[in-house]
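A.B. asks: Got a structure for you, written out below as structure tokens; questions coming shortly.
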Amino acid sequence: MAEFLQARDERKILHVDLDAFYAQVEMRDNPALKTVPLIIGRDPDQHHGHGVVATANYLARQAGVHSAMGSIEAKRACPNAVFVAPDFDKYRQISAQIHAIFAEFTDVMEPVALDEAYLDVTANPLAATTLAAKLRHRIWQETKLTCSVGVSYNKVLAKLGSEHHKPNGVTVITPAVALDFVAALPIKEFRGVGKKAQEKFEKLGIQTGADLRAMSQDDLRVHFGSFGDQLYWQARATHFGQVKDHRVRQSLGKESTFEFPLHNREQVLATFKDLATKVVANMEKKHLVGRTLNIKVRDDDYQTQTRAVTQSVPFNLDPDFLARKAQSIFDDLYPDDFAIRLLGITFSNVSPQAFQPLSLFDFEND
Ligand SMILES: [Mg+2]
């Protein structure tokens, strides 16, 4: 059954992951950092012992430093490490550049971090391996950064592939080799297997994908509930998850039109407040944030004007704040008398909330 399903899965999926992204960016921008163990995070000596490791270069990793480690512990492990505070504005800008390159290859992409995404390139007529090579070349050309790419027919295998030859590697897992690849994997490499599951597997004497595949679906259900089903299919190199395109092509907005034109600013502000409240509710429902606020105004002569304000970080989703912002734009457009037929508020440059690392406590997924 599994082999049958696998043979039928003819998708082409890439998982792209920049190598030690934050550290690589800082080394690119300051080559002196290339030859020292580098930790992206606050130096504990300058911050009263506070701070955590966001990521580290490979020299620091060799000394035992890893993401999410306390800075003090990291310094103990690697006393000569250089600490550099993360610059998320810079990383976000580069991330936008990289995502623009992804868009050259496919319309179907699922970003999972600033530096990491799944791309479904099934619709692209070129071979997946050719696309992986071109993609890596384009990223290097544009950003002088390296990435690792996994190429396969489903997301789980593509992700396993990108992790397989890090840094700066490509791993292709074709249907012909997938079952062997999975059989050789240590159990902790399977998706969703954390400490608890690892302990269970240890007691059961299950160490590899081959051991896992030998377990019946019923046994897996007994021990792991519904997660057992996922493991059953993972052991058979089968995964049905689609690349979910989170990008929001259409912007998110609301408009109001008026049969009788508005003439006073209180009415305009009240309308903006109403529109902002609706837009915010919609954004929150969809777990989205936006960096560009667009205001649209049409007057009694059917002249339409739009203005956009873009920030480097997403707007605070506070209707009062947004309404006042809209109002100040409106006031600039219409300093004197006015007769308004339409008002609109729209967000663009929209992204999922989870895709916004804003603090030191956001770690890179390496
Ligand atoms: Mg990475």
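Cβ from N, Cα, C; glycine included.
Here the structure is a predicted model, which means the values were calculated and not measured.
Not my notes, these are from TrEMBL:
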ACT_SITE  GLU116  active site
BINDING   ASP17, ASP115  Mg(2+) binding site
DOMAIN    13-194  domain 'UmuC'
SITE      TYR22  site 'Substrate discrimination'
A.B. asks: Have a look around ASP115 (Mg(2+) binding site) and count the other CB atoms within 10 A of its CB, chains all included.
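C.D. replies: Taking every protein chain into account, the count is 25.
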A.B. asks: I'd like to know which of the recorded positions TYR22, GLU116 has the most other Cβ atoms within 10 Å of its Cβ.
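C.D. replies: That would be TYR22, with the most Cβ atoms nearby.
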A.B. asks: Three-state secondary structure of TYR22 (site 'Substrate discrimination') from DSSP?
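C.D. replies: Where TYR22 (site 'Substrate discrimination') sits, the three-state DSSP reduction gives helix.
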A.B. asks: Which recorded positions from the set ASP17, TYR22, ASP115 have a C-beta atom lying less than 6 Å away from ligand 1?
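C.D. replies: Among ASP17, TYR22, ASP115, near ligand 1: ASP17, ASP115.
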A.B. asks: Give the number of CB atoms, excluding that of ASP17 (Mg(2+) binding site) itself, located within 10 Å of its CB.
C.D. replies: 24
A.B. asks: How far is it from GLU116 (active site) to ASP17 (Mg(2+) binding site), counting Cα to Cα, in Å?
C.D. replies: 4
